[in-house]
Amino acid sequence: MFAAGAIQFGFTQNKNGLRRSQRLFPCGPIRISNTEHGARTSARSSWSLQRRQCVSDSDRLPRPGRRGTGAAGGMNAVCGGAARTLRVPGRHGYAAEFSPYLPGRLACAAAQHYGIAGCGTLLILDPNESGLRLFRSFDWSDGLFDVTWSENNEHVLVTCSGDGSLQLWDTAKAAGPLQVYKEHTQEVYSVDWSQTRGEQLVVSGSWDQTVKLWDPTVGKSLCTFRGHENVIYSTIWSPHIPGCFASASGDQTLRIWDVKAAGVRIVIPAHQAEILSCDWCKYNENLLVTGAVDCSLRGWDLRNVRQPVFELLGHTYAIRRVKFSPFHASVLASCSYDFTVRFWNFSKPDPLLETVEHHTEFTCGLDFSLQSPTQVADCSWDETIKIYDPACLTLPA
């Protein structure tokens, strides 16, 4: 038995599977014990929070080694209610990001076997009359944990993977990747493309406790940033300040970096728990938000970081991802291991606007559309990707 945060699993893992499992499940006050649910001694066991029991991947998922075995062939697109849904059997969603160019186009990074083992798939989706259709998919030899679109080419994306590499893809080409960048020594969990005009810079955050800066036209990293004392879960560029980015880590800190400086600019002890996500406000260059294993969201003003400027409570398990709206200055969304997506307005006395409960497993990926003020996408370990218009964004303010 081992502990992952406060989670206890009653099954055995090989060394690499154990290490990855411990970091993939920093979920807070959940306990699944041997005596309550029994154990299955499998190197690829997983668990379902909803059913409160251990589930063997071999019971319902493709086995590792069957790379590219029809990830698209078994997908079922349905439009249930207001949500357009694509089901991807055997692929568990980790990240979703709308294209900055093409309305409705969505990229999703997914992994087999919950990211513990097996391969990964990059899915490119477009909306249609029946829901969502798969435009193209690409397989990789390890789980894909994040994805980011190029800011200067509508066809190009970068993903990051459990094997410590970044991959450059072109959706106009059926095969790929165009290039692979392999310098991190452990899993790469976060990747982001700079929004600064004239720059082609990508930042990656890894479980090897480093952040690396890349120019996709160059075959090696430009710089490595060190200082975090635990795994890095999130990296995000400032949409306002050229060359400035933030990182969030299991060492409980939010850090602000400048690519022109040798070291970190600001260190914020933002939570007393692992921080899994951070984002920069699109309307305020000094405002960031963090989401953590302690189930809280906290806003930080870089001009005075002694106390958060807001705290949002409501999630019941770890917050996996947080995003500011590109259309509303005080609106943000968060998704969680409690299976929900929540929408907030931190300027209101009652900040929780809406709770969306349409997933049955961990909800890991989340993004706002850059073209539609009301459109949101998310993805989950329940093998579904959804695009929808939450009521709180469609109603008058």
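Easy rule for this one: first residue shown is 1, then count along the chain.
Each residue, glycine too, has its Cβ placed from N, Cα and C.
Per TrEMBL, the feature repeat 'WD' maps to 181-224 (among others). Within its own chain, the repeat 'WD' (181-224) has Cβ neighbours under 8 Å at 20, 23, 145-152, 156, 158-168, 230-237, 239, 242-243, 245, 247, 249, 257, 259, counting only residues six or more beyond its boundaries.
Mean pLDDT for the repeat 'WD' (225-260) in the predicted structure: 96. The repeat 'WD' annotation in TrEMBL covers 225-260 (among others).
The repeat 'WD' annotation in TrEMBL covers 268-304 (among others).
As annotated by TrEMBL, repeat 'WD' applies to 312-354 (among others).
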Residue numbers, six or more beyond the limits of the repeat 'WD' (225-260), whose CB comes under 8 Å of its CB atoms: 23, 26, 186, 189-196, 199, 201, 203-207, 209-213, 266-280, 282, 285, 288, 290, 292, 300, 302
